[in-house]
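A.B. asks: Pulled from TrEMBL, these are the listed features:
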- 1-25: signal peptide (SIGNAL)
- 28-77: region 'Disordered' (REGION)
- 54-71: compositional bias 'Low complexity' (COMPBIAS)
- 94-103: compositional bias 'Basic and acidic residues' (COMPBIAS)
- 94-117: region 'Disordered' (REGION)
- 104-117: compositional bias 'Polar residues' (COMPBIAS)
- 206-286: domain 'GW' (DOMAIN)
- 291-371: domain 'GW' (DOMAIN)
- 384-464: domain 'GW' (DOMAIN)
- 470-550: domain 'GW' (DOMAIN)
- 556-636: domain 'GW' (DOMAIN)
Amino acid sequence: MKKTHLLLASNLALAAFLYSPEAVAADEVTTDAPSEENIPAPAEEVAPAGQNQEVEAPSSPAAETEAAETPAPEKKEVQAGYYAGTDLDKQPEIVIGKQEKKTSQPQLDTRNQTGEKYTSQLQATDEWMTLQSGKHTLDSRPYGTAGYETIRANLKDRQGDLVKVSYYISTERADWAYINFQDSLAGWVDRKALSKKLPFDRYTSDVESLNYYGRLVGNHTIDSKPWGTKDYQNLVSRNAYKNLVGTNVKVSQGVSTERANWVYIDSLDGKLSGWIDTKGVQKVGDAYTSPVKKVNYTAHLKDGDNTLDTKPWGIPGYQTLRSRSQMKTRRGQTVQVSEEVSTTRANWAYVTFQDGLAGWIDRAGLKPGAGPKRANGIDDYTSAHKDVKYVATIVDGNHTLDTLPWGIPGYSTIASRADMKRHQGERVQVNQEVSTNRANWAHITLANGTSGWFDIKGLTRGKVDSYTSPQKSVNYTATISNGNHTLDTLPWGIPGYKTIASRSDMKKHTGDQVKVSSEVSTNRADWAYITLSDGTSGWFDRAGLTKGQVDVYTSNAKNVNYSARLTHGNHTLDSKPWGIPGFETIKSRGQMKAYTGQNVQVNQEVSTNRADWVNITLADGTRGWIDAKAIAPERVLNHVPYVSQYKPVFAPWGCAGAASAMLLGAKDVDFNLDTLIRNTPMYPSDPNGQKGDVFTGQGFGWVINPKGLTNYLKTYYSGVKNITGASTQEIIDTVLGGNPVLYYGYSSYQKPGDYVRNHCKVITGYKNNAFRVYDPLYSNANKGAMTGGKNPAYDLGAKHWLPISKFNLEYNGQAITIL
């Protein structure tokens, strides 16, 4: 047994030597090389490595205190340094991209077995660790082996230091690591003294320059450096951060660590700066990409198709001074340009008009040089012609009817003022509007078919108002709770009424007490004759008044069911609408700011004299009333399937059947698509049916109308409902209630001049004032815009978002839903 043991030890020693640094010069080493076995042992043996220095007698490694995390003996991958070329801190000696400091090499005589025996081969590694425990010795060789010398009796003053580990080996006593400190101190230490846990986070990218604006969201800290990196200091705690949610900031730098991605922010008020997790900044608004440059030149408006703003449009805090329609009236006017700047959106110029109006405008809307001068006495258009469609009443016939707006070169009078006075009170159709430097005009068609241009001042939309009750004398005091009404000589809309005070004037009186002396009703509203504190009297909409000063309901609560996004957290959440007697605040404005951007469920709607209110449920289950201005209603009906009229059933004229399949699919109705399309009721067998074959188009004249389609679909599902005549708002409410809507509109194959709505599409969502529309006239749901009939106005893709403004131009009131 002894011979076997010696042979094993000899083989281990030989193997260890082959992996040792001395083997580099093996051709110069012989088996007769001197050993260190004659080196005398130290006079007084120090405590074994890894032991508490207060213990005099050596003991087994199991008795050591504060045993640290023991690294695995296998070879490790090289770790990156703690910095990656950043400018956040002074670079240490060991960095990515630089030559690493040369580490010292251990000198071992593994052949000499006079001391404690080696039980493993020497194993090279290259990794960073932390000296977790300083209660260990640092030795020239593993403690107890032949020729070892103690370099440091303990490492307590180095506890927590970063060390480079280059070799591992094991002995009868323990497992050992050869370490290098960053000041060249090196030696062997018990591996229990080390931990792979690093003292701070490392950077994984260089700092990059950024330039955008954002808003603080979520629950984060703000720090002097990215959280967890060396020497970072906390500037704003999570608790304090809650009060900063919603703050507007500018982002100027970005960097990544192994923990997260970070950005450097400055608040726009200059009170806050530091590093924050990128998740804490919601990107909003545009950013400047150049400094403001002083200039001095003359230009003029090319077309006026740009707004005029206090700052370049999109820069946080900008306000619009003049809308596009208002700017169109200034087309051709000369301006003086004094400043220029660029943003991420466009190039901008600060302009001053000859009447003193000044602001920022897109430079694309300017042309150098003064504008053309209009000849004296010649009128000109100041806006583009706009197609409209509404009914109006002639309330003032003291205007002419002309072939062109009066004053435009070439106009001629169709009907004189005297003629038009005979039409006063008559309803007319309006199909176009335009503005000139003289007035605003409408193209109207009289009841006798005569058409021409008429001053809009002489028209009122809809029917002429009339009294629906006798005037009644009253005597009470009320409060103007909503000043968004005019004060007039007669109830607004009654022929001959004149406005005494505009809406903006009356808004200044909101909260004022008034004397009410008469009441009357018209087909439009209920009215009160009021006297203001300054003695001004007139008729005012009673909806804008409240008796006394206590808030009251002005409508009954309506149960609803739709989702919305909380866009403004600057409102309280209350047990009742704010101001209603007995209301209690559930969450303050500061608390509600933390919910900004979150989706909420809307349960009820109601109005008071103060505002419109919605009852909502937050994501955490909290329920209460909040101002309706705080939410943006939205709902996407992802349970509605997309069905093509081409695949799997090829029916190019079968849009009604394919669209119907989407409605039925939303309710999981069992049906066969081919049968559903094939059995579409046909004209003349069904007077409301489709004319023409759904598969070949032979004899096609029109699609099945809403009445015929509703009756047909009720044979599949009783909840199908014909809602023809529904307003756009009613359709929005239907979708928000979770029900898709089939409507009749135009197809991507629509030809110019064809205004027949012969195509069925399905509305499956509402968000940001737009409908999500499923159009069956594509082979699959992934088809995009301009892959169908190529009409750019309607070839919008199988699934697309359609702005309400464009929907209103297409929709003529024909619609079906499924409940």
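One-based numbering along the chain as shown.
Glycine residues also receive a Cβ, built from the backbone N, Cα and C atoms like all the rest.
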A.B. asks: Kindly report the helix/strand/coil residue split of the domain 'GW' (556-636) according to DSSP, in that order.
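C.D. replies: Residue counts in helix, strand and coil order: 8 helix, 40 strand, 33 coil.
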A.B. asks: What is the three-state DSSP composition of the domain 'GW' (206-286), stated as helix, strand and coil residue counts?
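C.D. replies: When I sort the residues of the domain 'GW' (206-286) into the three classes, I find 10 helix, 40 strand, 31 coil.
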A.B. asks: What are the DSSP helix/strand/coil residue counts across the domain 'GW' (291-371)?
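C.D. replies: The domain 'GW' (291-371) comes out at 8 helix, 39 strand, 34 coil.
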A.B. asks: As a quick check of your reading of DSSP, tell me how many residues in the domain 'GW' (470-550) are helical, how many are strand and how many are coil.
C.D. replies: 8 helix, 38 strand, 35 coil
A.B. asks: What are the DSSP helix, strand and coil residue counts for the domain 'GW' (384-464)?
C.D. replies: 8 helix, 38 strand, 35 coil
A.B. asks: Can you check how the pLDDT averages out over the domain 'GW' (384-464)?
C.D. replies: 89
